[in-house]
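**Student:** For reference, Swiss-Prot lists these features for the protein:
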type     : residues    : note
DOMAIN   : 11-55       : domain 'CHCH'
MOTIF    : 14-24       : motif 'Cx9C motif 1'
DISULFID : Cys14-Cys47 : disulfide bond
DISULFID : Cys24-Cys37 : disulfide bond
MOTIF    : 37-47       : motif 'Cx9C motif 2'
REGION   : 50-79       : region 'Disordered'
Amino acid sequence: MHPDLSPHLHTEECNVLINLLKECHKNHNILKFFGHCNDLDREMRKCLKNEYSERRTRSREHGAAMRRRLSDPPEEAGR
């Protein structure tokens with residue numbers, strides 16, 4: 001099962017692959033069941049996996065920065 005394939009959620013590169021896969025499924029109604037579009041599907045899943053790992057890395061970095069910010073008391077300028 002794929003994640004939400006809405007265009008606003010993905011990079012342009014992945015959107016191109018998503019659209020190619022959708023076109024392949026549309027043009028090959030029966031052959032898609034016999035693996036005709038599998039290469040496009042693999043490439044799309046690879047792209048989505050890369051997006052996911054990049055988002056996860058950014059989120060971890062952001063979380064670590066927020067934890068550091070909350071655990072370190074701010075310097076008082078007046079004293």
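The backbone N, Cα and C atoms fix where each Cβ goes, glycine too.
In the displayed structure, how are the listed features positioned relative to their neighbours?
**Tutor:** Per DSSP, the domain 'CHCH' (11-55) is made up of 38 helix, 0 strand, 7 coil.
Residue environment of Cys47 (disulfide bond) contains 18 other Cβ atoms, counted within 10 Å of its Cβ in all protein chains.
Taking a C-beta cut-off of under 8 angstroms and a sequence separation of 6 or more, Cys24 (disulfide bond) has the following same-chain neighbours: Lys32, His36, Cys37, Leu40.
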**Student:** Grab the same-chain neighbours of the motif 'Cx9C motif 1' (14-24) for me: Cβ-Cβ under 8 Å, and only residues 6 or more beyond its ends, written as numbers and ranges.
**Tutor:** 5, 7, 32, 36-37, 40-41, 43-44, 47-48, 51
